[in-house]
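One structure is given below, encoded as structure tokens.
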Amino acid sequence: MAQREWVEKDFYKELGVSSDASPEEIKRAYRKLARDLHPDANPDNPAAGERFKAVSEAHNVLSDPAKRKEYDETRRLFAGGGFGGRRFDTGGFGGFNVGGDGAEFNLNDLFDAAGRSGGTNIGDLFGGLFGRASGGRPSRPRRGNDLETETQLDFVEAAKGVAMPLRLTSPAPCTNCHGSGARPGTSPKVCPTCNGSGVISRNQGAFGFSEPCTDCRGSGSIIEHPCDECKGTGVTTRTRTINVRIPPGVEDGQRIRLPGQGEAGLRGAPSGDLYVTVHVRPHKVFGRDGDDLTVTVPVSFTELALGSTISVPTLDGKVGVRVPKGTADGRILRVRGRGVPKRSGGHGDLLVTVKVAVPPNLDGAAQEALEAYAAAERASGFDPRAGWAGNR
């Protein structure tokens, strides 16, 4: 759901992109800013840390299609300070406060604006804006934002899987109050004004409305003695190291979701998720084709013509691969079950491409042998270009 603060924030400006920017443009802008503003790169610059958090929040909203749609609709509804040119006080939805022209707010303006914005559900929109569900149901603590990070793996690590530490600087549960927001030895109390629901009811003429409780700010609880470390939020920004298990067979560019490892929610609310984008370094010998492992092996002409068994590397050591007599240069030989581990179990195959290596120099014996072979080849009538389209 949208947040009340969205009305006053320009996430597009925060990332330096236009409001019609593509997802790829948003991702590129975020990566550049996050790299420049990351706390690890600016240890003595608190302003960079605050900007980093603002950029992360903007990316969290604009990178999620559902959140971006709701954000755009929210901004359209409140464009110009209100509906139909009248100012609307977002701090008092139940009161229908209007601006300096003294004009009376008409409910029809609200629903007309909703229709123009593409069918926005007013209950859902305002329920999200004011931190509660539509219909006046008790509010729930807001889940923390999702986080994104990147890591690089060697080819073999990506193929076989690996456990690795990942260092993050992000909002995390306060270690002093364990995320409750209350000073150690105390605990939050149920708000007596709203009885823990987070909303209070008001009447406006013939209509009844619910709005966030002003005493607990919609949380349903009151902290009389806030934690000294987090000032009652339950969250502090710190650097932490988590152990990540990268599953076997991960591919370059793939995203891995780690539930509950994202930004901490306020006052003990659930944490968001962490998405890790994996980048795989190329290997000097191996390649990949899905779950199949590919390798090109140099061979001699005689090994192809006469047949042989060659030694081929795999992820688990070398194996012998039989080259049938008369194998053509560039042929692919398949070795089943020697490829990359599959998510569904088992392994892909090893695809071996044989490539003739021509000797740059020949000694006398080799020269004579090849000349004798060439003469025998001509005598047999063999023409390597017979049937070739270039001869037509």
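Each position is counted from 1, following the chain as shown.
Cβ atoms here come from the backbone N, Cα and C positions, even for glycine.
In Swiss-Prot this protein carries:
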type: BINDING; residues: C174, C177, C227, C230; note: Zn(2+) 1 binding site
type: BINDING; residues: C191, C194, C213, C216; note: Zn(2+) 2 binding site
type: DOMAIN; residues: 10-75; note: domain 'J'
type: REPEAT; residues: 174-181; note: repeat 'CXXCXGXG motif'
type: REPEAT; residues: 191-198; note: repeat 'CXXCXGXG motif'
type: REPEAT; residues: 213-220; note: repeat 'CXXCXGXG motif'
type: REPEAT; residues: 227-234; note: repeat 'CXXCXGXG motif'
type: ZN_FING; residues: 161-239; note: zinc finger
Contact check, the repeat 'CXXCXGXG motif' (174-181) vs the repeat 'CXXCXGXG motif' (213-220), 3+ Cβ pairs under 8 Å, seq sep 6+: no
Using Cα positions only, nearest of the binding-site residues to C174 (Zn(2+) 1 binding site) (C191, C194, C213, C216): C216
Secondary structure at C194 (Zn(2+) 2 binding site), reduced by DSSP to three states: coil
Distance [Cα-Cα, Å, rounded] between C194 (Zn(2+) 2 binding site) and C230 (Zn(2+) 1 binding site): 25
Between C227 (Zn(2+) 1 binding site) and C216 (Zn(2+) 2 binding site), the C-alpha gap once rounded to whole angstrom: 16
Neighbouring C-beta atoms (10 Å sphere around the C-beta of C230 (Zn(2+) 1 binding site)): 24
Of C174, C191, C194, C216 (the binding-site residues), the residue whose Cβ has the fewest other Cβ atoms within 10 Å: C191
Sparsest-packed of the listed binding-site residues (C177, C227) - C-beta count within 10 angstroms: C227
Sorted by sequence, non-C174, C177, C227, C230 residues with Cβ within 8 Å of centre, Zn(2+) 1: T175, N176, H178, G179, S180, G181, A182, R183, P226, D228, E229, K231, G232, T233, G234, V235, T236
For the domain 'J' (10-75), mean pLDDT (0 to 100): 86
Tally of DSSP helical, extended and coil residues in the domain 'J' (10-75): 48 helix, 0 strand, 18 coil
Secondary structure content of the repeat 'CXXCXGXG motif' (213-220), with strand meaning DSSP E or B: 0 helix, 0 strand, 8 coil
Integer Cα-Cα distance in angstrom, C177 (Zn(2+) 1 binding site) to C216 (Zn(2+) 2 binding site): 19
